[in-house]
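In what follows, a structure is listed as structure tokens, so that the remarks can point back to it.
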Number of protein chains: 2
Amino acid sequence: MLTDLADLTACAAALDAADPLAAVRDRFLLPDGVVYLDGNSLGALPAAVPAAVEDAVHRQWGTDLIRSWNANGWWEAPVRTGDAIGRLVGAAPGQVVAGDSTSVQLFNTLLAAARSRPGRRLLLTDPDHFPTDQYIADSVGRLLGLDVRRVPARDAAAVLAAEAGNVAVAAYAPVDYRTGELYDMAALTAAAHAAGALMHWDLCHAAGALPVELDAVEADFAVGCGYKYLSGGPGAPAFAYIAHRHQEGFDHPLTGWHGHAEPFAMAGTYTPAADVTRARIGTPALLSLIALEAALTAFDGVEMTAVRKKSLSLTGFFQECADLLLDGLGFTPATPREPERRGSQVALRHPEAYPLVAALTARGVIGDMRAPDLLRFGFNALYVTHADVLRAVRELRDIAVTGAHLAPEFRQRPTVT
Amino acid sequence: MLTDLADLTACAAALDAADPLAAVRDRFLLPDGVVYLDGNSLGALPAAVPAAVEDAVHRQWGTDLIRSWNANGWWEAPVRTGDAIGRLVGAAPGQVVAGDSTSVQLFNTLLAAARSRPGRRLLLTDPDHFPTDQYIADSVGRLLGLDVRRVPARDAAAVLAAEAGNVAVAAYAPVDYRTGELYDMAALTAAAHAAGALMHWDLCHAAGALPVELDAVEADFAVGCGYKYLSGGPGAPAFAYIAHRHQEGFDHPLTGWHGHAEPFAMAGTYTPAADVTRARIGTPALLSLIALEAALTAFDGVEMTAVRKKSLSLTGFFQECADLLLDGLGFTPATPREPERRGSQVALRHPEAYPLVAALTARGVIGDMRAPDLLRFGFNALYVTHADVLRAVRELRDIAVTGAHLAPEFRQRPTVT
């Protein structure tokens, strides 16, 4: 058991020295002196991205111009990038398309899922789900005449059993975006299937953060974002997973021309492509998509089991440091201690969460907060070190002890946090 | 009247010498030796873009990281860029949002428009509309239980009058994407309103190409793409216009969290923002959006009336050159001769359209084609010259006369054209 700062310092050094992923940190361009624990909101810049984007701008767009659709593989980019994401979330090729935002992909896949269970009146989602997920579920429910019932993840299996035959889709996230609590994807998917419902997963806080096995757990549909643990850049394209067995019947509302069986026939009626390309919508934002594709090379040769092992080491070490250094300073843990119930972030509650996070940022330790009282720290195992973790908790302790966060400059709530 | 090649050459030189927009061409990075007449599909690279994108990647993303949402104006980018587009399409500030693809914006605005005319059973759209527009109209019609009737633009006013009281929305484009034919936005909008219907415009081939006066013609909703005449880059974000008077009642299906009245309250139910920010959906693809915003500076100080004047000069000159040089070579004009019926492109029909366009491309003259037999040439007045026009027609003549396009390498249809 760690009992003092010297122990913690030595422990961090030892863990980092033994880290098999240590060299992967060099695949990211991190600013000097910054401890970045907000990769669960916007991943850091992968070193492969700038050259890829410069090439996309100057050579592909500027010189090859329209010819790039063929010459530089623009047309295939959504599925090519989708397959690269698929490798990180346990999806065999041909089931993932990258593009659009998570909100849009949610709407498209959730509505299609619900349509494929006609006669069922219920759509289950989580009251602790990220806001967009709840809003979109309500929108889909309204359009299709379904009732949207908010059931916490921990109770979902029981409700599915009680409402067997009545639930069209259960739409959940494996990781709670606030607390970082991790749920059992296999168990909930099985519960949905036992009730004859389809399982829709939002992987925003899971993809790239921990092993996800979409095919193995027999997930039906999933979406996720490209800019958190995948480090694809600000507003990077999202992705949608449509399991092979659902592609032929995928009856989605966003019938853009890129999903047509013969897009360049320019037909006046929509004939969907037979495969996952049906889930393409309109022309993808290629500069952002090319950045995401380049970013994904940071995972080359990296096993998600190794990512998970280091991630748990980082989050566990953060919790240990917090136990020792933040005791008595008004913080309450919000993230489960059991590794199997923890995603790749740790959240603490504190009534002064806003100014604390602002003061931390001023010292170069970047986390974020969620109203009203949650400090969130995300750990991307590809570039965060145990030394980062210790420095973050030490700075947080120093701020809380000295009251540095009570200075006026930290009390102004920014637009976006 | 121009009667021979010497005349045409002199004419092109004189027109270019007198062109008040000549200097604007320097705002674009055009490859040497290329005549680019495909700006109606993908606009050329504006010179302001590379530095803006590099700054977005290295400084904003790489260094400022998550702080950029506040520090670098990411949060406001969709409306800021929307307002910049609004200036080019006759929309006062606060009515345009940039983001997502045209297909997505179409769906969101068309469904909202139809919802605001309850009890009306018809949705009118153009059988010559771009495919996505027709597919999305069908999708919206199916979700809301409306009949979608395809009525050509030239007949729409009559059908609106005959079906007054029954049409919810008329969804048209001012410019036919194949022939370049231009329709009267004011007249069709008035006809829709006289029938109690709402008017929805797709400006993909109009925004940045010619003066559009959304406010003045009292358009209700509009969408458009960022990558054609706005030159925002491959798959640049689209935009949506929601007239001020419709914002409070804008009842859209894509209720992403960025459109919430208080997005960072992270509430479980959707309360839409009171203004145009309600039309925001999810997190925008910022690298692409920042490229688009930078691209729009190519219009700084440029009046759309001047763009229109030059555009008509370019398209008219193309038609004159084609009359003289392509006579008897199997081409049929597909674009109206009257300036008031012409957008900013000229299309020719020829049974060998594919290989002709491919052979032209090999000679550095880039246009495109649309199946089965249409050669399309788009003229962005910001960077195309009359000398470009003449060279294009001369090369086309030479290819057609010599049969150079019949070589095997030009007969292979590419994936995307």
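Cβ coordinates are placed from backbone N, Cα and C, and glycine is handled just like the others.
Straight from TrEMBL, the features:
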{"type": "BINDING", "residues": "A:Thr102, A:Ser103, A:Phe130, A:Pro131, A:Thr132, A:Asp133, A:Asp202, A:His205, A:Tyr227, A:Trp257, A:Thr283", "note": "pyridoxal 5'-phosphate binding site"}
{"type": "MOD_RES", "residues": "A:Lys228", "note": "N6-(pyridoxal phosphate)lysine"}
- Message: Is it possible to get the count of other C-beta atoms within 10 angstroms of the C-beta of A:Thr283 (pyridoxal 5'-phosphate binding site)?
- Response: 25
- Fewest C-beta neighbours within 10 angstroms among the binding-site residues A:Phe130, A:Tyr227 belongs to A:Phe130
- DSSP state at A:Lys228 (N6-(pyridoxal phosphate)lysine), helix/strand/coil: coil
- Using a Cβ-Cβ cut-off under 8 angstroms and a sequence gap of six or more, which residues of the chain neighbour A:Thr102 (pyridoxal 5'-phosphate binding site)? A:Thr132, A:Asp202, A:Cys204, A:Val223, A:Gly224, A:Cys225, A:Ala238
- Task: Looking only at C-alpha atoms, tell me how far A:Thr283 (pyridoxal 5'-phosphate binding site) is from A:Lys228 (N6-(pyridoxal phosphate)lysine), rounded to the nearest Å.
- Result: 23
- Message: In whole Å, how far does the CA atom of the residue listed as 'N6-(pyridoxal phosphate)lysine' lie from that of A:Phe130 (pyridoxal 5'-phosphate binding site)?
- Response: 14
- DSSP on A:Phe130 (pyridoxal 5'-phosphate binding site), three-state: which is it? coil
- So A:Lys228 (N6-(pyridoxal phosphate)lysine), by the Cβ count within 10 Å over all chains shown, scores 28
- Determine the Cβ neighbour count for A:Asp202 (pyridoxal 5'-phosphate binding site): the number of other Cβ atoms within 10 Å of its Cβ. 31
